[in-house]
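These notes are about the structure you will find just below.
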Amino acid sequence: MLWIYYALLKGNAMLLITINSVGCFIQTFYLCFFLFYAPKKARIECLKLIVLMIVVGFGLIVSLTYFLAIGAQRVVIVGWICLVFALCVFVAPLGVVRQVIKTKSVEFMPLLLSSALTLNAVTWFFYGALLHDFNIAIPNVLGFIFGILQIILYFVYKNKKPVSDEKVSELETKNVKTVEHKVPEKKDQEIIDVVKLSALMCSIPVVAKLNEEAVDADDRLVAEPHVPSHTIEVAA
């Protein structure tokens with residue numbers, strides 16, 4: 001929207017109006033899509049940003065530059081504002097670059113997108129340079145640098161194993177080692193239990209035999225009572 005406003009003030013900039021009109025349409029579709037599927041809390045935050053940035057922010061820029069600036073001065077001010085926001089757009093991928101370096105994964109930085117951004121920056125740089133419009137050329141220098149950086153990082157980390165996968169593998173290895181350590185202990189305990197049970201089973205017949213012998217001895221004592229013997233001595 002800012003670039004469209006800049007192009008309207010500058011005049012003879014149909015390409016800027018065309019490409020940024022398409023961009024406004026696509027970004028509006030993205031926002032509507034997000035608002036439709038986002039949870040309530042995220043939807044409220046998004047609506048706050050839309051009101052703050054698009055309605056209030058853009059409205060203030062248009063109002064202040066239109067009423068407080070005159071002629072060429074207005075174009076210069078709006079051009080500098082567009083330059084600052086364009087730099088912010090090109091600096092934004094630094095978050096993705098940081099994530100790639102941290103996770104060693106290019107999942108969120110596809111090569112096609114990085115290549116397209118780099119080519120886009122180069123094209124708009126030469127367009128701005130040929131028109132001597134440095135508000136267009138300067139931000140795309142930064143865009144070209146970050147685009148090349150993203151492509152280099154892609155080829156560096158495309159075959160790397162993500163950090164999250166490495167952590168999962170280490171955790172699985174630790175679990176396997178723990179299980180392997182516990183299994184012998186469990187087997188040893190089972191062997192000890194079997195030995196104890198065998199010893200117990202072997203001792204049962206012995207105890208039973210001893211009990212039977214004790215019972216037989218008691219029965220014999222009851223069946224054959226003890227009779228005292230009397231010895232009679234006869235004098236010669």
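In case you wondered, yes, glycine gets a Cβ from its N, Cα and C as well.
Beyond the transmembrane segment (12-37), the same-chain residues lying 6 or more positions past its ends with a Cβ under 8 Å from any Cβ of the stretch are 1, 3-4, 6, 43, 46-47, 50, 127, 136. Residues or ranges marked as transmembrane segment in TrEMBL: 12-37 (among others).
Residues annotated as transmembrane segment in TrEMBL: 49-69 (among others).
Annotation source TrEMBL lists transmembrane segment at 75-96 (among others). Tertiary neighbourhood of the transmembrane segment (75-96): same-chain residues 2-3, 5-6, 9-10, 61, 65, 69, 108-109, 117, 121, 133, 135, 138-140, 142-143, 146, 150, selected by CB-CB distance under 8 Å and a gap of 6+ residues from either end.
According to TrEMBL, the feature transmembrane segment maps to 108-130 (among others).
The feature transmembrane segment is assigned by TrEMBL to 136-157 (among others). When Cβ-Cβ distances below 8 Å are used as the criterion, the transmembrane segment (136-157) is approached by residues 16, 83, 86-87, 89-91, 93-94, 96-97, 100-101, 104-106, 109, 111, 114-115, 117-122, 124-125, 127-129 of the same chain, each at least six residues removed from its ends.
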